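Visitor: Here's a structure for you.
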Amino acid sequence: MPRYRGRFAPTPSGPLHFGSLVAALASFLDARHVGGEWLLRIEDIDPPRCPPGAADTILKQLEAFGLHWDGPIHWQHERDGAYQAALDAIIAQDLAYLCSCSRRQWRAHAIYPGWCRDGIREPHKPTAWRLRSDRGLRPVIWEDRLFGHQHFDPALLGDVVLKRKDGLWAYQLAVVVDDADQGISDVVRGFDLLDNTPWQRQLQHALGLPEPRYLHLPLILGPDGQKLSKQNHAPPLPESEHAARPLLHAALVALDQAPPDALATTPVDEQLEWALSHWSVTRIHPRALRHDAPHRD
């Protein structure tokens, strides 16, 4: 089995929140518990979504919680050449095509119906590159480390976008190329990203890339029962170590690691030391968890 190499890959569209912390902490503990590496990737391929200073805030938040990464930070905005090479390889296999269709045109369908597979319907309009799900792809099967057996039919996935009409790279292609180039062996992330995994495994197959193991974590819900997210205005994590302490303890509770109550006020390094010696994926319950985040200091 290859050496464990995990990663945390936030989008700098705003500060991290408690749900982000749970994902970062789980991936950190899962890697370091077995002596593996934990890498940091900033997924900034969509500049309009990334306000100035957001990435710096994320770095300060991770430092406040004692989540120190290995090696240099991996920035997606520097990776255009790698993504283009991957797209060229897919095109060379006749597994991609240009598409002019808008979401409005096919909104009555559950998935994009492949109207441009045999030629662009409206050549005068901007086009995106899509992956063909009807040619040379296989059923997607894997064992999630928490949610168990997963099976998806390529015909039900649709033709995922690889490069957008505005010239920006799509998340699915970028993350697959980056995971391979960084040598990621294990992906630990939230359950809301599980539905992305079939497309990513199809792209790994098409490009001849290794397939990491996957561990999807239960969702963290806000007081209103909705997933904690930047879009739902989840409170930002603090940037000071003292304010981070009770939230780090709460994240360990959310991950069902049963930390002692007395740990809640101890420095984050002491909490992480305890967590690393007690980390167990088998303790995590796959139900969503409602969380009322404490106020910032």
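Cβ coordinates are placed from backbone N, Cα and C, and glycine is handled just like the others.
No curator has checked TrEMBL annotations; they are predicted automatically.
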Visitor: In TrEMBL, which of 147-151, 182-186, 227-231 is tagged motif ''KMSKS' region'?
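Guide: Per TrEMBL, the stretch marked motif ''KMSKS' region' is 227-231.
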Visitor: TrEMBL has Arg7, Phe8, Ala9, Pro10, Thr11, Glu43, Tyr171 binding L-glutamate. Which one of Arg145, Arg189 is in the same site?
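Guide: Record source TrEMBL; matching candidate: Arg189.
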Visitor: How many whole Å apart are the CA atoms of Cys116 (Zn(2+) binding site) and Tyr171 (L-glutamate binding site)?
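Guide: Answer for this pair: 21 Å between alpha carbons.
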Visitor: Hey, how far is Phe8 (L-glutamate binding site) from Tyr112 (Zn(2+) binding site), Cα to Cα, in Å?
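Guide: The Cα atom of Phe8 (L-glutamate binding site) is 30 Å away from the Cα atom of Tyr112 (Zn(2+) binding site).
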Visitor: On the three-state reduction of DSSP, what should I expect for Pro10 (L-glutamate binding site)?
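Guide: Going by the DSSP assignment, Pro10 (L-glutamate binding site) belongs to neither helix nor strand, so it counts as coil.
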Visitor: What's the CA to CA span in angstrom from Glu43 (L-glutamate binding site) over to Cys101 (Zn(2+) binding site)?
Guide: 26
